Amino acid sequence: MAVCARLCGVGQARGCRRRQQRKGPAEAAGAAAESEPDTDPEEERIEGVPVMARPVGACGASGHGGAGDPGAGLAAGGAGSPVSTCPQPPQPPARCSLLELPPELLVEIFASLPGTDLPSLAQVCTKFRRILNTDTIWRRRCREVLHRYRHILGLWQPDIGPYGGLLNVVVDGLFIIGWMYLPPHDPHVDDPMRFKPLFRIHLMERKSATVECMYGHKGPHNGHIQIVKKDEFSTKCNQTDHHRMSGGRQEEFRTWLREEWGRTLEDIFHEHMQELILMKFIYTSQYDNCLTYRRIYLPPTRPDDLIKPGLFKGTYGSHGLEIVMLSFHGKCAKGTKITGDPNIPAGQQTVEIDLMHRIQLPDVENLRNFNELSRIILEVREQVRQEQQQQQPEGQEEGPGQAPPSARECPPEPPAYQKPEQPAPAPSWGAEGGGGTEKGLEASGDGPPAAPEPAPSEGGQPFVLPAGVISRNEDYPRTCRMCFYGTGLIAGHGFTSPERTPGVFILFDEDRFGFIWLELKSFSLYSRIKATFQNAEPPSPEAFDEMLKNIQALTT
């Protein structure tokens, strides 16, 4: 019975003690003595609880009475009630299962184990596997075991000439994986992002970490990562033969084209577009064995932002879809290219929006006339130029190397616009019946006061592209919330003769906006990237601004 009780982990069975209590004192003592030798040394070793065996009749030998002394169990005062004076065997300590411990304590225990033990531990039960998947354990693994790579989690921009890119380094299961994010196939700007792994780092090693290159179609192979500095690292493939295909460069190009564009070269009839695609393949294939990455941050969010800043996919004509970061800077907003092209490389500010000059579009019929829209935008540009000349100190003239006014740093003052939920009346500065601009509180009082602008309806203002404006995606929204004057950056091949040209920024909703390039007669549609990125917040707004300057300087 004692063996059975110890296997249950509770000492002697409760029912057995009840049966002993129903017996007489002498019989109970004798039964206990007879059951005690029934032990198994192997079970005692497994349980880890020492059993103190006593010889039969030990209680009687010490003069306290035993099985042969029926009167020894009577109380000395003598009411005749049996009182057992035989000492009970020691109770084993209560057993505690790991499953009963709180998750916080299990995290601390598991985090101290070697990485090689964690995969086996994750197979024990669902609770252990769920705890082992928490970021707390793997962050600690990155700090302690993979201290050399503790800085690489987050968003990065690869240095691939003018093309750039977006790399997201995350903890994924038992690895740290670098995922390259790719825009959807042109022109489906609302489709989700695509991604493919470029490298991975094993988290199971105790003292060192195995780095594997994931590029190519032959599976993981040996790679190397070098931490250049805190916000910069490089990767190198040690087995570039895994990147080659048996069909040679032609097969590699066809495979790349299907992955990059979702089509074959025969499906692309535009000759200039074919040249751009072939140029990109030749240029990017030079970086398949060694790449340098620089950290980028997501833009900080402020309560008075027009919409939530972040990453967007945008259409750029023959160049396909590109990734743009929208950020707000007081009186203006900026769209910075994360991926680029030979004309406007990654890191440059593709669009800049003047939030102080809102444009009231004409009705749909007049909006179809491109000349009417052009007249409105050019009037606003002249107005902005005059205001900047008035603000410029006397005697100060723009030098030949000074940036144009539209490209200068935005002032830190808060914007004068209000969100659509609380529209603010503003004087009209456009022509009669043809739309115009809305200026903020800085409007002069020379002209007659204009009627307040009506609040935008729930569905927004009707919108249609003017005749002659080219759009890669005809499935653009037909209503918009508001429009602002802005400038877009254009340049020749190789980023030659860059200049900012006027345009109009159209806000459709929280996740989509557009830009009409007046000089190019082109329309770009942007859609928000809805992926969740961790470890991408800037330490401070100043750090984010410094990051923008750095990535722009690399391609200037």
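Here the Cβ of each residue, glycine as well, is placed from N, Cα and C on the backbone.
TrEMBL annotations: computationally assigned, not manually curated.
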Tell me which range among 62-91, 212-241 TrEMBL lists as region 'Disordered'.
-> 62-91
Could you tell me how many residues in the domain 'F-box' (95-141) are helical, how many are strand and how many are coil under DSSP?
-> 34 helix, 0 strand, 13 coil
To what whole number does the mean pLDDT across the domain 'F-box' (95-141) round?
-> 77
